[in-house]
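Only one structure is covered here, and it is reproduced in the block below.
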Amino acid sequence: MTYLLALDQGTSSSRSIVFDERGHIVAQAQLELPQIYPQPGWVEHDPLEIWRTQIATARDALAKAGIAANAVRAVGITNQRETTVLWNRKTGQPVHHAIVWQDRRAEPACAQLREQGHAATIQAKTGLLIDAYFSGTKLQWLLDHVPGARDAAEAGELAFGTVDSWLIWQLTGGKRHVTDVSNASRTMLFNVHTNQWDDELLQLLRIPRALMPEVLPSASDFGATDAALLGGPIAIGGVAGDQQSALFGQACFTAGMAKNTYGTGCFMLMHTGSRFQKSENGLLTTSAAQAGQSPEYAMEGSVFVGGAVVQWLRDGLRAISASSEVQALAESVPDSGGVMMVPAFTGLGAPYWKPDARGTITGLTRGTTIAHIARAALESIAYQSAALLAAMSRDAVAAGGAPVSELRVDGGACVNDLLMQFQADLLGIPVVRPAVVETTALGAAYLAGLASGVYASTDELSALWQAERRFTPTLPRSQAEALMARWEHAVAQAVLPG
């Protein structure tokens, strides 16, 4: 039996999963990652803790699987994107905590870039909107605020990387300073047309090129693990940012295929093939995970509050005592009784981009019960995702493509059958849940398997991918469209005047 080891380094935890060559989970291990909040709006991780927890889970997963390093054909890495690490090349020690993707300290630098009129150039080169979310301005902040960092960077003494680069550096004993195209595309410094760091953008943000890692396709030779770490060397063959890895793990390899990850928020990506498509609907264009040399792209949009609305029902309203109870409560009524919830607790993300919107519950009557509110809360996840998919399809059609014909789903909330059926009803297309819902880690394993010859092509991976359940629409389109119109009316009410 051939095995693949996926390292899945996330915002709140580090995980490792051993897969067999059929893509089935053999063993897994997980450790929580401490969050550091130095002041409001700032979020950091200790890079040494990222490394400690990740290597510990890798050892644990191999032990649970009962296999030695020589049974593992290759390692794949997937990671929280945009999080920024800066370290000393000689010592391998970080010069500061990692600045996490949620961190907003670089907002003044982003505002300055917008005011100077750089938005169009940055979007044309990178596919991204100027935002503190991305790595470029985080790295700029580190160079400007860590004593001696800029001089050391210009002297070639420091290395920058997203979390994948940091892990590869540690895994290879400092031999390789590399990243993949999908992670590089989240820095605001990478030209997604040429697949290279962009000198104009590096100069604009005053980033020395000597800092930057080599960029490789997502299925490549990223080096090998130091023999002392896992009991023998293992080739590192696959790397991709978490959302692109999930798209790959869902076997969405061709233009028009899309996936939605239902987590705390929702992340939707649609593959656009070799077509770089600038969104007219507030979506990002990003590099997809690439198995070959040619650039491939995806459109991306995110919903801020997805499964988090269920946590709010539990912790805020105390309507349920455990998240698992929400489906039964919502199913105790035939519909929401006209209640609409817009969970704009932190504004609305794509495709609305209304940061000032606030949450609303409308359509209340004397007959409204907590069950109606629970159902409206659950349905709000589907409404937001439907609005996002409609925006993606509009962009695709405008660029000469076809609208999305089915949506593949993963993430914690995709196990909720009521939500998935309502999602299919709103979209008017099938919603498909895979047999293996750990698609983010699976994508990294697939990429590693391609690079190491376990799989011959993505066609082989498409044949391996299996659906666990297919939800087909049961609602007439006229009814679904009427519901979406009511949703859009509720969204308009969530944006307060003033």
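Placement of Cβ uses the backbone N, Cα and C atoms for every residue, glycine included.
Thr264 (ADP binding site) is surrounded by 18 other CB atoms, counting those within 10 A of its CB over all protein chains shown. Summarising the annotation, Swiss-Prot assigns ADP binding site to Thr11, Arg15, Thr264, Gly307, Gly412, Asn416 and lists sequence analysis as the type of evidence.
Annotation comment: Swiss-Prot describes Thr11, Ser12, Ser13, Thr264, Gly307, Gln311, Gly412 as ATP binding site, evidence class sequence analysis. In this structure, Gly412 (ADP binding site) is part of a helix by DSSP. If you draw a 10 Å sphere around the CB of Gly412 (ADP binding site), it holds 15 other CB atoms from the protein chains shown.
What Swiss-Prot lists as sn-glycerol 3-phosphate binding site is Thr11, Arg81, Glu82, Tyr133, Asp242. All protein chains included, Arg81 (sn-glycerol 3-phosphate binding site) registers 25 other Cβ atoms within 10 Å of its own Cβ.
DSSP gives Asp242 (sn-glycerol 3-phosphate binding site) a helix state. Residue density at Asp242 (sn-glycerol 3-phosphate binding site): 25 other Cβ atoms are found within 10 A of its Cβ, drawing on all protein chains shown. Annotated glycerol binding site per Swiss-Prot: Arg81, Glu82, Tyr133, Asp242, Gln243, in sequence order, evidence recorded as sequence analysis.
Remark: Gln243 (glycerol binding site) has Arg81, Thr261, Phe267, Leu269, Glu300, Thr440 as non-local neighbours, by Cβ distance under 8 Å and separation of at least 6 in sequence. Cα distances from Glu82 (sn-glycerol 3-phosphate binding site) to the binding-site residues Ser12, Arg15, Gly307 are smallest for Ser12. Other residues of the chain with a Cβ within 8 Å of the Cβ centroid of Arg81, Glu82, Tyr133, Asp242, Gln243, the glycerol site, are Gln80, Thr83, Trp101, Arg186, Gly241. On a Cα basis, Ser13 (ATP binding site) lies 18 Å away from Gly307 (ADP binding site).
In sequence order, Glu32, Leu33, Gln35 are the residues near Ser12 (ATP binding site), counting only same-chain partners six or more apart with C-beta under 8 A. The sn-glycerol 3-phosphate site is defined by Thr11, Arg81, Glu82, Tyr133, Asp242, and by the 8 Å test on Cβ atoms against their centroid, the other residues of the chain that qualify are Gln80, Thr83, Val100, Trp101, Arg186, Gly241.
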